[in-house]
Every structure is written in structure tokens, then in C-alpha cells.
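Peer 1: Have a look at the structure that comes next, please.
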């Protein structure tokens, strides 16, 4: 099948079918690139291996420190099987996202959901993004506290434990000091991708080496230490949210796929398969090694020792372990610079929610985009002439018509991708001015949906992390960031266990984002002749919905008990 002929046919016919969703559901020949980007576009320069590395880097992150805790809850054999099932289900849901994106012509998770289901689901998606980006900084601050305290006690207080107040002040100082980074260019922060991946690899090697030392140097048999089955069903349900949150990368998939060279179906499958396979191996190594070390150390200490596995596995190591302190220091650097990368989408998703609501209310009242209000102003959206958006497009204009419309206005011929940026990514660059609402993007620039690599388990920017450099915009954005930081710090101080944050995050938001909405979008806009894949989509959707309900009930029960 000639992909380019299908691409030309789809663009010549416009995008009416993917605007209403239902019309495109039965057509197996309607294929779009990401935002109409041509199959052989000069912007598609990323080869498969770098794309896999970038996507793996966006998957693994702070949740890796809690995998040993989850394996202890699920059991060794059951944990390996459950992790594999979640990996396979995530693999299929990522395929569903790519397929739905190709059929709707959308380049973002939010855009796919809006094209498939309309504004209500788009608003729900923004709320999920906000909840993920609000709770993940809380988890990161708790992890940072657990990493910083041993380093301070080992090298500054000479082994003397510091007080509870000093621990909280240390964490708050780091958060306040890092928050101004949200008002600067994040290009340097995004360049830490290689370092963040290296930190996770170092963590895995350190855990494997220390567990090997403890088990075989002391002659302790490992099979007897790690139970194969979970102690109870609630214990297994407590492990699932962490596993699911650790695989979440749906928001980062489409930007990576949009830059993939020769994005054929086979290469899309290879991108997802290799990413999930590499992540699974890394997670199994970290989880089992960390669990084995924690239990082995308890066995060494004899009767009366604490046999529980901490939700931050590095808390099981002594503060004066130099090898572990290398991993601690590396993770402190990575988590510190990922903290502002989480505050930015948290803040922007809140503003975007206000903007979408005001825009919809304005449309109902016949006032169009003039009702976008504060959210659009702070996000940097510019109003063009009446009935147009900031790029000179007519409101409601189809992707396939943008090139023609722009030529009629006397503009330079550009590809549809240069004018198909959704509202969620229409932010001015540092070189843009308020009077350039009709200027086209530079031809050498990457697609506007590029996201910098970061350290998840959950880093799903609803808006690309770029803000206006105008001081009028920067000040209110910074004030809003500090307002969001207050409840984040409050929760980080009050909540001592990061497992509670992962449980709430995974049980409600991550299950829905991973296993409910993508299969539903695929069923809505996908090819009806693909009966086997549609059956898989139903299985993932129904199974994800049931597990969301069960894990949610279990999480609420555990929170009420504590």
C-alpha cells in the first residue's frame, strides 16, 4: 500500500472526517501524518534507535525507586507476571494512540481525545494532566527528602541524625530555589536527558551489585527470601498503581513519533516494542534487586530487624555507603531539574482549562475567541483579526485548507504541519513578538510539538514547556507557580510515604490515561475491519476500567486506615 498516495488523498480531501470522529471510524484508508506532516518531510530526521532512547528516557524515572516496594507487595513470580501484563497492555494502548493520531491528524494526546469525543473529554484530559503534574512534584519532593537527608548526615553532620524540622526545611529550600527555573528557558534542563538515563542505569547497577554482595558473599539463599505470591489481594492491588504509573509515556509518544524518519506501521510497532521491552528488563532488575537487598539486610541484622521494604529503596541502605551515595547524588541532580519541568505543565494545564472553558462559553455566546480571557493571555495565545486565530487561520478551518488559505492571503507556501498546531501548543517562542501574529514558523525549526526529554514516571506536559519572555507575562506566571507550590509543599510535609502518592496517582489518573481513553479513542476512530485489534482494544478498556475501580476502592480504604 502506497502511503504517500494515501497521504495526498487524505490532505486533498481535507480533514472533515476526523473533525467529527464518527465519519472516519469506518474508513480504513483515511490516514494522516502527525498534523498532516508528509511522510518524507525534512522534519522527520530521528532514526529508530535515538527515538527508542528518547522514549525510554521519558518512561523511566522517579517511580523506579518504588519498584522494590511494589514487588514486595506482589511477590516475585506474580510481580514478574503482572509487570509483563501491564507492559503488554501499555504496548497496545500506545499503538492505539499512534493509530488514532494517524486517523485524526492530531499530534497530542489531548488533541486526539478532542477529535474522537469532543470538548468534554478534552476537559477531562486536561484535568487528568493537572492531577498528574500536581501530585508528581509532591512525590518527587518526598523522594528528594529521602535522598538528601542521608547525604547531609554522611558528609555534613558526621553521622548525627538531623531533626524532623531540619528535614522539612531542607526539602522546602530545594523546592523554593528550583521554582524560578520555571520562568527561564528550559533548553539546558531538557539537555539533561542523557544524564537522567545514566542515573537510572547507575541505580540499577548499584542495586544489582549490592544485592549480589549481600546474598552470595554471606551465603544467604535468595529463593527463600522472596515469596512467590502476594500475601493478600489488597496487597496485590496496592502494587498495581506503581507498576502502571511507571510505564506511563502516552503524552510523550506522539511528539517522538512525529519526528520519526519513515514512520511506517512496522517502525511504529518497533518503536513501541523496543521501548516497552527495554523498560521491562530495567524495571525487573531494579525491583527484584532492591527487594532482595532489603530482605537480605534484615536477615543479616537478625531477629527484631525491620523486614518491610521501604517505598524508596535507597532508604534501605546505610547513609555512609559511598557507592550508593553516588547514585543518591545523581538522582538528586536529576529530580531537582525535573521538578520545574513538572511545575510548568501543571501551571499551564490549569491556565489551559480556564482558557478552554472561557472559549467554549464565548462560542456559545457568539463572542468567539474574545472570551478566552486570562488563560489565553498568560499562555501567550494571540488573537488575530475577527474570526481568526493567532496564526492567521479561520476558526474551525480544516487542516487541508490551511495551505490554500494562507496562499490566498499572500503568505509564503508552507506545509500543513506548519499551520496545524493545536491550541495546546500555540505558545510564542523567545524570538516572537506581539505584532507577528501572521508570521510563519522558520522552515528550519522542528515541529511545534517537540517536548524536551525528562524524568517521569509521569511527565505529560499539556503545553510544550515554553513561556513568553515578556516581563508582563513572566511575573504572573511566576506568581501562579509559587501559589501552586504552596499546596504541593503542604502535602509533601504532611505525607511521609511516597507510596501513598503513587497509589492515588496510579489508581485514578494513570489507569484511565493508559488503559481506558486510548482504546476508546481507537474504537471510535479506528478501522472497523480490524476485528482482532478492536477485540484487544475492548479487552484493555474493560480490564483497565475494572482495575481502576478495584484499585481506587483499595486505595481509598488504605488512606482511611492511615
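One is the number of the first residue shown, and numbering goes on along the chain from there.
Glycine is no exception: its Cβ is also placed from the backbone N, Cα and C atoms.
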Peer 1: Do you know which of 304-343, 424-463, 464-503 TrEMBL annotates as region 'Disordered'?
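Peer 2: From TrEMBL, the annotated region 'Disordered' range turns out to be 424-463.
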Peer 1: Select from 232-258, 367-393 the stretch of residues annotated by TrEMBL as transmembrane segment.
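Peer 2: Going through 232-258, 367-393 one by one, TrEMBL gives transmembrane segment for 232-258.
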Peer 1: I'm validating the feature mapping. Which of 22-41, 162-181 is tagged transmembrane segment in TrEMBL?
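Peer 2: It is 162-181 that TrEMBL describes as transmembrane segment.
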Peer 1: Is the transmembrane segment (475-493) in contact with the transmembrane segment (162-181), using at least 3 Cβ pairs under 8 Å (sequence separation of 6 or more) as the test?
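Peer 2: By the criterion, they touch.
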Peer 1: Quick one: do the transmembrane segment (51-72) and the transmembrane segment (232-258) reach 3+ CB pairs under 8 Å, ignoring pairs fewer than 6 apart in sequence?
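Peer 2: Output yes: the transmembrane segment (51-72) sits against the transmembrane segment (232-258).
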Peer 1: Mind pulling out the one from 78-100, 232-258, 475-493, 499-523 with the most Cβ pairs under 8 angstroms to the transmembrane segment (121-142)?
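Peer 2: Counting Cβ pairs under 8 Å, the winner is 499-523.
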Peer 1: Where, among 78-100, 270-294, 475-493, 499-523, 535-556, do we find the most CB pairs under 8 A to the transmembrane segment (232-258)?
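Peer 2: Ranking 78-100, 270-294, 475-493, 499-523, 535-556 by Cβ pairs under 8 Å to the transmembrane segment (232-258) puts 499-523 first.
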Peer 1: Taking contact to mean three or more C-beta pairs under 8 angstroms, with sequence separation of 6 or more, is the transmembrane segment (270-294) in contact with the transmembrane segment (78-100)?
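Peer 2: Contact criterion met.
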Peer 1: Using Cβ atoms and a strict cutoff of less than 8 Å, what residues sit near the transmembrane segment (499-523) while being 6 or more residues removed from its termini?
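Peer 2: Long-range Cβ neighbours of the transmembrane segment (499-523): 63, 66, 69, 89-90, 92-94, 96-97, 99-100, 109, 112-113, 116-117, 121, 125, 128, 131-132, 135-136, 138-139, 142, 238, 240-245, 247-248, 250, 311, 458, 460, 491, 533-534, 537-538, 540-541, 543-545, 547-548, 551-552, 554-555, 558-559, 562.
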